[in-house]
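Copied over from TrEMBL, here are the features:
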ACT_SITE  B:THR189  active site, nucleophile
BINDING   B:THR152, B:LYS178, B:THR189, B:GLU275, B:ASN399, B:THR404  substrate binding site
There are 2 protein chains.
Amino acid sequence: MAVGQCDFPIMHAVKGIKLGTSNAGIKQTQRDDILVIEMADTGCCAAVFTQNAFCAAPVLIARDHLTQEPRWLLINSGNANAGTGKQGLQDAFASCASLAGEVEGIAQQILPFSTGVIGEPLPVSKLTAALPAAVENLHETHWDRAARAIMTTDTFAKGASLVIEIAGCPVTITGISKGAGMIQPNMATMLGFIATDAKIEPALLQQCLSAAAETSFNRITVDGDTSTNDACVLLASGCSDAAEILADTPEYAKFAAAITTVCKRLAELIIRDGEGATKLIKIVVEQAQTSAEAVQVAKTIAHSPLVKTAFFASDPNWGRILAAVGRSGLEDMDLDKIEIYLGTVCIVENGGRSPGYTEQDGQRVMNQEEITVTVRLGRGEAREEVLTCDFSYDYVRINAEYRT
Amino acid sequence: MAVGQCDFPIMHAVKGIKLGTSNAGIKQTQRDDILVIEMADTGCCAAVFTQNAFCAAPVLIARDHLTQEPRWLLINSGNANAGTGKQGLQDAFASCASLAGEVEGIAQQILPFSTGVIGEPLPVSKLTAALPAAVENLHETHWDRAARAIMTTDTFAKGASLVIEIAGCPVTITGISKGAGMIQPNMATMLGFIATDAKIEPALLQQCLSAAAETSFNRITVDGDTSTNDACVLLASGCSDAAEILADTPEYAKFAAAITTVCKRLAELIIRDGEGATKLIKIVVEQAQTSAEAVQVAKTIAHSPLVKTAFFASDPNWGRILAAVGRSGLEDMDLDKIEIYLGTVCIVENGGRSPGYTEQDGQRVMNQEEITVTVRLGRGEAREEVLTCDFSYDYVRINAEYRT
């Protein structure tokens, strides 16, 4: 049910980054559910994590290990190791320790990530039994396997890759993501693993990732639910021949823009694969007083089940969009200044339906697979975008049957 | 698809309150879609309105007329007269003026209410043509007709009625409500019309209604959407033989409790008729620092599509409830202190699944039609309840097909 073009792209290998997968049978599937990523010892690592107050055990461990110059990521799908209390923490750490034994590192150099059902104990022995095979097939070209190994309800593997030039030398940025439901801003309710061969200091790498996540993963929503496990990691191996990227330089700006491009694509792919999604909807809010205000209005629209079911039905029921703007909580909103557009068709102005609007015009836009809704608040100059999808029978089916 | 017992009750007539209905054919239906309520000139009126910044035209007019000692309510279903700009205001006022001509009042004594599709012009001529018939059949016993005339996607008529004794004399309280979707707290995204024959000052009546709405209509949610048209009116005709009800007396306490009881029942009926609802879910949050905090957590759970689809599937997926609590935005939440119960079954304690919990215990509760979820935050003494329903295929169907 993916919306639009979602083919897995050509993934450029990243010097100093190897990926290995294996099948631990965590959720009784035949496909690989373990991913190990190894980075050369010249590299550094940045990460952003879920803002859910109840972080899953692996998130707590990963946050802790992030300060220990990590060199390996250990990801499993099928079990989230969330809501598992102290045992969950022990299990996550034990998994790291097992991998450390395989790669001759120490447990603290490993960041663990888990995605899947909440509240079931992590099957540590199954997981550790599968580690030797994953380590054995570590290779720079295994991005496609890696993307598949981290899938849960995803219907396709998600990747993005590009090569830029820094001072005459190529720098590669390649990443994968997973996520299809429980997608809500702050932090992006998904997993994302992005790697580059750039040389860059850890603090600057973190600044770059935080900024990129803010305008990509934190601007998407399927259902308003924030998971306990979301995380996005950016590895920089330092193996490129390009000179080190320094703060406040044109090279940093170029690098940061490229990281943002990859993050935005990985985020958009998650929405295109939104559970049951039949449409990709971009909500643009313009003329807000502040960026936060624009995001607030955009998310209120994006989370409205009434708006989302109307999109599913291709029904230009603009009254529901207007009502969502009205309950978004902004003070002193002036209805008479607000304009709402479906695509390029003005549907609301001067406090009511636009005089030139016809149902046919609205229907024409609604029939499209990718739709932009633009709201102009007429009270400032800030502009923000949020990506979402519609709400279909299949959303209910997928989430009603998830565990059965 | 209504949940549980929703039979229309015996409705006690209220002295000094008459109701008349007629068919204006606003949405090409055969059933009555106009309701006129007339109050004796000894009465007074209180009201609460939607908190959506974009109030529909009738809400703006009704708010304005509320200060003019209103004696009539004019309600139509099938068209919300919302998002209709200046023309909408003119249409709402013109409808009041027409009714004023029929009843020999003035337009300012009439409060208009509309419910139905947003953004279509109100068919004023159809509406006014139907007024004489509605006025002609004004009668104290027409509560059942009235309840049916204000229905939109409702699957059953909603009423509540009781008689209390004030200083030895009977005082009657009878009310009707409508609403099935776009139901979200603040204000109750519905219409409610309640009448009593009590003698009471307008300011005290308003205080009584505001307090009652806060713990009834403002504690229910179907989909988190707040309509542009919600309103609840409390009419007091003053025709009872009972003495006037004065502030800070046991009689006021008794009267206020009875009004709250009627409001709670009318609110609960809306949730039982939630669009596509198969289950009634009460979310109780205890041991919160403040009442507002308790409501915030309860509504986060109640609005989560993942939680609501799990209830639809009778799936005791308690991880989704835990995740919703975690993202509800409370600061310094201590996961280890939180307890979550499905019915009387403890599912979460000490940061994880309760050791004594079994899937069978959870399933037994989930199979029930009415389910209570209790969350104990372990950080205070405030307690609040929110009523909601599950999220089914039919919710999507109803809202995807609403205009077709």
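The backbone N, Cα and C atoms fix where each Cβ goes, and this holds for glycine too.
For B:LYS178 (substrate binding site), the count of additional Cβ atoms within 10 Å of its Cβ stands at 26 [all protein chains shown].
Cβ crowding, taken as the number of other Cβ atoms within 10 Å, peaks at B:GLU275 among the binding-site residues B:THR152, B:GLU275. B:THR152 (substrate binding site) falls outside any helix or strand according to DSSP and counts as coil. Reduced to three states, the DSSP call for B:LYS178 (substrate binding site) is strand. Mapped onto three states, the DSSP output places B:GLU275 (substrate binding site) in coil.
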